[in-house]
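Per Swiss-Prot, the features are as follows:
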- 4-69: domain 'J' (DOMAIN)
- 139-221: zinc finger (ZN_FING)
- 152-159: repeat 'CXXCXGXG motif' (REPEAT)
- Cys152, Cys155, Cys209, Cys212: Zn(2+) 1 binding site (BINDING)
- 169-176: repeat 'CXXCXGXG motif' (REPEAT)
- Cys169, Cys172, Cys195, Cys198: Zn(2+) 2 binding site (BINDING)
- 195-202: repeat 'CXXCXGXG motif' (REPEAT)
- 209-216: repeat 'CXXCXGXG motif' (REPEAT)
Amino acid sequence: MKRDYYEILGVARNATPEEIKKAYRKLARKYHPDVNKDDPNAAEKFKEINEAYEVLSDPEKRARYDQFGHAGVDGNFAGQGGFGGGAGINFEDIFSGFGGFGDLFDMVFGSGRKARQGPVPGDDIEAVLELTLEEAVFGGEKELRVTRTETCGHCHGNGAEPGTPIITCPTCQGRGQIHQEVKTLFGRMVRSQVCSTCRGEGKIPKTPCRECGGSGLVRKTRSITVKIPPGIDHGHRLRIAGGGEAGRFGGPPGDLYVYIKIKPHKLFKREDIHLKLEKEISFVQAALGAKVEIPTIDGGTEILEIPEGTQTGTVFTIKGKGVPVVNGSGRGNLYVTVKVVTPTKLTERQKQLLREFEEISKQKEETFKEKFNKFKNKFAL
């Protein structure tokens, strides 16, 4: 038994056309055979989804379905019901020869004369956009070159050379499907399949378009403007609706997914919303303390006070000079790690001063030891 069309698309019976279209696009993209090549059930699910959408997206067919159920839209209903074994009989041929009865048959049971494929959404495509750290931090707009399938502008997608007619397919005589009589255990049956010449359309261009060869589609490389939100990070993905491949049979285009790649920076390293920087200071600055200029991602500088006695590896925080929160407020911090640089080339005067410094340090250490020993001996038992 066929599943309910509303159930297939996951929508309520009073769903709006927009809700039905949205549900269809999501499911069609999920179960498209090209995306699920390893899933043997994907093609059948995709066919089921298209069948449901073809009925529910058409106001007339939807009304018949709501009133009669599947019988109101199933063109094979008469052949499956109580009209006999159907040996060698094609009911649509019978009813089509009786004028108004053919129209009545179509109205009640749906026309099986066309195997036209339902609207097929275009495929999604992916691209990589490389940014500098500054571009990622502050956002903006950047151009991206993308190659994709588009509707042919020369023939506007109908596949015919402008000024030439669209004719009835000579293979299927406009039915969109080919009928073959086959022998089965139950007698002779009529089997239908989509016409390969017109792909179920029932019509073909008399003179194929010189630009697209009759397919209605062409490959184009376009420059697309991508809006970069401030604070975007490496690996983030941006979705550009309708930026993908063109749809077929009136289907909507797919989407473009842009993956962000951030170039390494010569000064800063990023961790989430924070930036890190290593700053070299001299031995004297570390020992005596100093005020040093720290570059920021904004392009300016901040004054950092180095207290006397600072050791290598000490981390200082400059608040609010990191990365903005994506789609939020506030910024991270800039963490500065100091590295005390030991001098490698000293003058004799500098060496002498360091020796004097070392001697004074030793004297202080010896004086401290003497005082400590006297204190210890005084209270010794």
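Note: Cβ is positioned from N, Cα and C throughout, glycine not excepted.
Shown on the structure are the features that Swiss-Prot records.
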residue : record                : Cβ contacts under 8 Å, 6 or more apart
Cys152  : Zn(2+) 1 binding site : Gly159, Cys209, Glu211, Cys212, Ser215, Gly216, Leu217, Val218
Cys155  : Zn(2+) 1 binding site : Glu161, Pro162, Pro205, Cys209, Glu211, Cys212, Gly216
Cys169  : Zn(2+) 2 binding site : Gly176, Cys195, Thr197, Cys198, Glu201, Gly202, Lys203, Ile204
Cys172  : Zn(2+) 2 binding site : Ile178, Cys195, Thr197, Cys198, Gly202
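All chains included, 23 other C-beta atoms sit within 10 angstroms of the C-beta of Cys195 (Zn(2+) 2 binding site). Averaged over the zinc finger (139-221), the predicted model has a pLDDT of 87. A coil conformation is recorded for Cys198 (Zn(2+) 2 binding site) in the three-state DSSP classification, outside any helix or strand. Here the repeat 'CXXCXGXG motif' (209-216) sits against the repeat 'CXXCXGXG motif' (152-159); at least 3 CB pairs are under 8 Å, leaving out pairs fewer than 6 apart in sequence. Under 8 Å from some Cβ of the repeat 'CXXCXGXG motif' (152-159) lie the Cβ atoms of residues 166, 204-205, 208-212, 214-218, 246, all in the same chain and six or more residues away from its ends.
Note: the Zn(2+) 1 site is recorded as Cys152, Cys155, Cys209, Cys212; in the same chain, Gly153, His154, His156, Gly157, Asn158, Gly159, Ala160, Glu161, Pro208, Arg210, Glu211, Gly213, Gly214, Ser215, Gly216, Leu217, Val218 also have Cβ atoms within 8 Å of that site's Cβ centroid.
In this structure, Cys212 (Zn(2+) 1 binding site) belongs to neither helix nor strand by DSSP; it is coil. Under DSSP, Cys155 (Zn(2+) 1 binding site) is assigned to coil, being neither helix nor strand in the three-state scheme.
Surrounding the centroid of the Cβ atoms of Cys169, Cys172, Cys195, Cys198, where the record places Zn(2+) 2, the chain contributes additional residues within 8 Å, namely Pro170, Thr171, Gln173, Gly174, Arg175, Gly176, Gln177, Ile178, Ser196, Thr197, Arg199, Gly200, Glu201, Gly202, Lys203, Ile204.
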